[in-house]
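*Asks:* Per TrEMBL, the feature transmembrane segment maps to 20-45, 65-85, 92-110, 122-139, 146-175, 187-209, 230-247, 253-272, 293-309, 315-336, 348-370.
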Amino acid sequence: MTRRRAADVFVTAERRTTPIDVLFVVSVSLLLAIHLVIFVAVAVLAPVTAAEARGLELVRLPVEVARALVLPFHALLLGSLFVLGRRAAGRWAGFGAMLGVLALDLRSDVVEPVYGPPTAEGGWIAASLLAAGFALVALPRRRVLAGVLVGAASGFFAVAALALPAFLIGIALTSPTPGDRLARGKAAATFAAAWAVPAVGMQIIWLAMLGPDGWAARAAEFTAEFRPHAMLTWLAQTQLLFASWHFPGLVTFSLAMFLFAAAITGVVRYFAIPQHGEHGPAVLRVLQRLPPGLWAAGLTMIFCSIWWGCSGSTLFVLPNLPILAACVPLITALAYRGAKWLLTVNRFWALVAVVYLTGLILARTTQLLITLVQAFHY
């Protein structure tokens, strides 16, 4: 047990001031500059997409104003992902989570392309609020605020409502008083109530602003996938999935396998490390070791995957945008956690970890260059 805890400290520990600090600051500055360049390019040069035009017509805002309003939410998304990644495996994992946002090819949906955060309508705003909720739910005194943010996310993008049961399960599993069912139920009920206030309130605001016809038109945008339509086969949906990234399908599949293998290792490390003050049944003690934010993010991905798989949608990015931007980048952070732990096992696994990290850095660098070049092609 002592060795396991020592290894976990190594995984999450931060080094004191070293030359690596300089590299980290330069890397983060470069990444933020690229995010800003891409954002400005999209805000100024990108055409108004069909989905964006419908949203602008409903909210009655000029395109420049609507796009500029997304900028602070984009900053919130990056900050929340960095916090989540840093908690998982230190600051470089936080950097990897921020970098992971750029891995998604937003324009892969030919019919409804998304050129960047400013053209993503409420999906990007919902993603930022979800990510902030993942970061705050781990703090018991901030869970009400997390519920409010997640509820607001569902008001901007209806699919974000799938995160509610994920948060409730995460809270129930990781309550500070796990042996008290009443306390766990109360914590989950408080979160649900906090979620409902903005979720219902925003619908009332939309109704007041848009009127019954406008509200119905906006609701129709989110319920279109639930209407009867032709279903895609599982193989066709899988092809859509692997075509939505900045690499050829086979390369994407190979990278995904490496990424998931390392991420699973990182998750297993959570379950394998006993925590101080554990009590209750053995299974519950193990489940409590994964932070509630990661429980919520992982279950949200699962619920959204089930929904999209049953929807038969011919689009992948736009319907799943909040989950793709807020949850999927955390896989990179967990993969870094797993690779970082492998360095401590033995020489063989240390070599595997070095090879993996080298490949990940090369892949992410290539993806970053592709994203930057593509930002100016319209």
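Using the three backbone atoms N, Cα and C, a Cβ is placed for every residue, glycine included.
Automatic prediction, not curation, is the source of TrEMBL annotations.
Please go over these features one by one and say how buried each is and what sits next to it.
*Replies:* Through the fold, the transmembrane segment (65-85) approaches residues 32, 35, 39, 42-43, 52, 55-56, 59, 91, 93-98, 100-101, 117-120, 124-125, 127-129, 131-132, 134-135, 293-294, 297, 325-326, 329-330, 332-333, 336 of its own chain, all at least 6 residues removed from its boundaries and within a Cβ separation under 8 Å.
Outside the transmembrane segment (92-110) by six or more residues, the chain places 24, 27-28, 31, 34-35, 38, 77-78, 81-86, 116, 120, 240, 243-246, 315-318, 324-325, 328-337, 340, 360, 364, 367-368, 371, 374 with a CB less than 8 A from a CB of the stretch.
The list of residues near the transmembrane segment (230-247) in space but at least 6 beyond its ends in sequence, with Cβ under 8 angstroms from a Cβ of it, reads 103-105, 108-109, 253, 255-256, 308-309, 312-317, 363, 366-367, 370-371, 374.
Residues of the same chain lying 6 or more positions beyond the ends of the transmembrane segment (253-272) and with a Cβ under 8 Å from any Cβ of it are 4, 7-8, 11, 88-89, 242, 247, 286-287, 289-291, 294, 331-339, 341-342, 356, 359-360, 363.
Residues 84, 87-88, 130, 133-135, 137-138, 159, 162-163, 165-167, 169-170, 173-174, 234, 237, 267, 270, 316, 319-320, 323, 326-328, 330, 334 of the same chain sit 6 or more residues outside the transmembrane segment (293-309) yet have a Cβ under 8 Å from a Cβ within it.
Sequence-remote contacts of a segment are chain residues at least 6 beyond its ends whose Cβ falls under 8 Å from one of its Cβ atoms, and for the transmembrane segment (315-336) they are 51, 77, 80-81, 84-85, 88-89, 92-94, 96-101, 103-106, 108-109, 111-112, 114, 120, 123-124, 126-128, 130-131, 134, 153, 157, 159-160, 162-163, 225, 237, 240-241, 243-244, 258-260, 262-263, 266-267, 294, 297-298, 300-301, 304, 308, 356-357, 360.
Listed as Cβ neighbours of the transmembrane segment (348-370) (distance under 8 Å, sequence separation of 6 or more from its ends, same chain) are residues 31, 34, 96, 99, 102-103, 245-247, 255, 258-259, 262, 332, 335-336, 339-340, 342.
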*Asks:* Apart from its near flanks, which chain residues at least 6 from the ends of the transmembrane segment (187-209) lie with a Cβ under 8 angstroms of it?
*Replies:* 59, 137, 140, 143-148, 150-152, 154-156, 161, 164, 167-168, 171-172, 175, 215, 218
*Asks:* Sort out the residues at least 6 away from either end of the transmembrane segment (20-45), same chain, that have Cβ-Cβ distances under 8 Å to it, and list them.
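*Replies:* Residues 64, 67-68, 71, 74, 78, 91-92, 95, 98-99, 102, 115-119, 368, 371-372, 375-376, 378.
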